[in-house]
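In what follows, a structure is listed as structure tokens, so that the remarks can point back to it.
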Amino acid sequence: MIQYQDLLERILSDGAEKHDRTGTGTLSVFGHQMRFDLAAGFPMLTTKRLPLKAIVHELLWFLQGDTNIKYLHDHGVTIWDEWADANGDLGPVYGAQWRSWPTADGGSIDQIANVVEMIKRNPDSRRLMVTAWNPADVEKMALPPCHCLFQFYVANGKLSCQLYQRSADVFLGVPFNIASYALLTLMVAQVTGLKPGEFVHTLGDAHLYSNHLEQARLQLTRAPRALPVMTINPAVKDIFGFRYEDFTLTGYDPHPHIKAEVAV
């Protein structure tokens with residue numbers, strides 16, 4: 001994906017050295033946008049191998065409203081382990097905000113159910129949004145949301161999605177985020193009777209950690225390959241009805257995995 005390669009090149013050439021919460025240090029740029037036409041293939045990075053199982057199960061976990069890592073562990077996914085407490089809890093992170101945003105009167109809002117229904121009833125609405133950034137809950141979260149706001153847009157029978165990501169770990173996190181939100185767009189399009197349009201990824205602080213620079217340079221020596229195709233079980237019509245077995249990725253022929261340590 002040349003869009004991702006361009007981002008790596010921009011950070012390596014123009015990035016500012018910054019200190020960060022983890023103490024690792026970063027090269028950072030502010031404000032970057034990538035666009036992916038979902039009709040042109042599924043935007044799964046090919047310049048290194050990504051684990052589809054982890055991407056799919058994490059998204060299904062978010063959609064369940066779950067905030068404990070047991071489901072992930074049950075399916076062999078460990079990407080959230082560094083932030084969980086001794087009981088596996090993460091506090092009111094993504095799933096809680098997506099599915100049960102707390103209201104002042106003690107109730108809750110299911111943002112996912114609401115946005116799917118709104119797309120069906122009023123596809124021209126400019127309010128087709130979901131946010132995970134809840135200032136009242138941020139201090140209770142093991143990790144405040146990095147990908148914090150997304151908006152759907154319907155035109156000419158196609159559903160597009162734009163994600164705003166306040167903090168973007170470009171080497172490790174961003175490839176996951178691209179695939180995850182592209183998949184979410186395909187899923188929402190299917191259950192609302194629309195075709196997939198674009199995934200637009202807007203980044204705030206887009207950074208490479210100082211211990212990922214050599215890996216990024218290695219990745220830039222690799223030519224992107226043809227994108228794979230994601231097929232979804234057409235029988236699923238409920239956004240909460242998807243299972244891992246409903247997704248099939250074909251034609252994924254990436255370069256080998258590149259190891260890098262996560263900054264916690």
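Even glycines carry a Cβ here, placed using N, Cα and C.
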Candidates Asn134, Asn177, the one Swiss-Prot lists with Arg21, Arg126, Arg127, Arg166, Ser167, Ala168, Asp169, His207, Leu208, Tyr209 as binding dUMP: Asn177
Recorded positions near Ala263 ((6R)-5,10-methylene-5,6,7,8-tetrahydrofolate binding site), in sequence order, restricted to Arg127, Cys146, Ser167, His207 and a 10 Å Cα cut-off: none
Distance [Cα-Cα, Å, rounded] between Asp169 (dUMP binding site) and Cys146 (active site, nucleophile): 9
Among Arg21, Arg127, His207, the most crowded of the binding-site residues [Cβ within 10 Å]: His207
Candidate nearest Cys146 (active site, nucleophile) in space, where candidates are the binding-site residues Arg127, Ser167, His207, Tyr209 and distance is Cα-Cα: Ser167
Around the Cβ of Tyr209 (dUMP binding site), the count of other Cβ atoms that are within 10 Å: 23
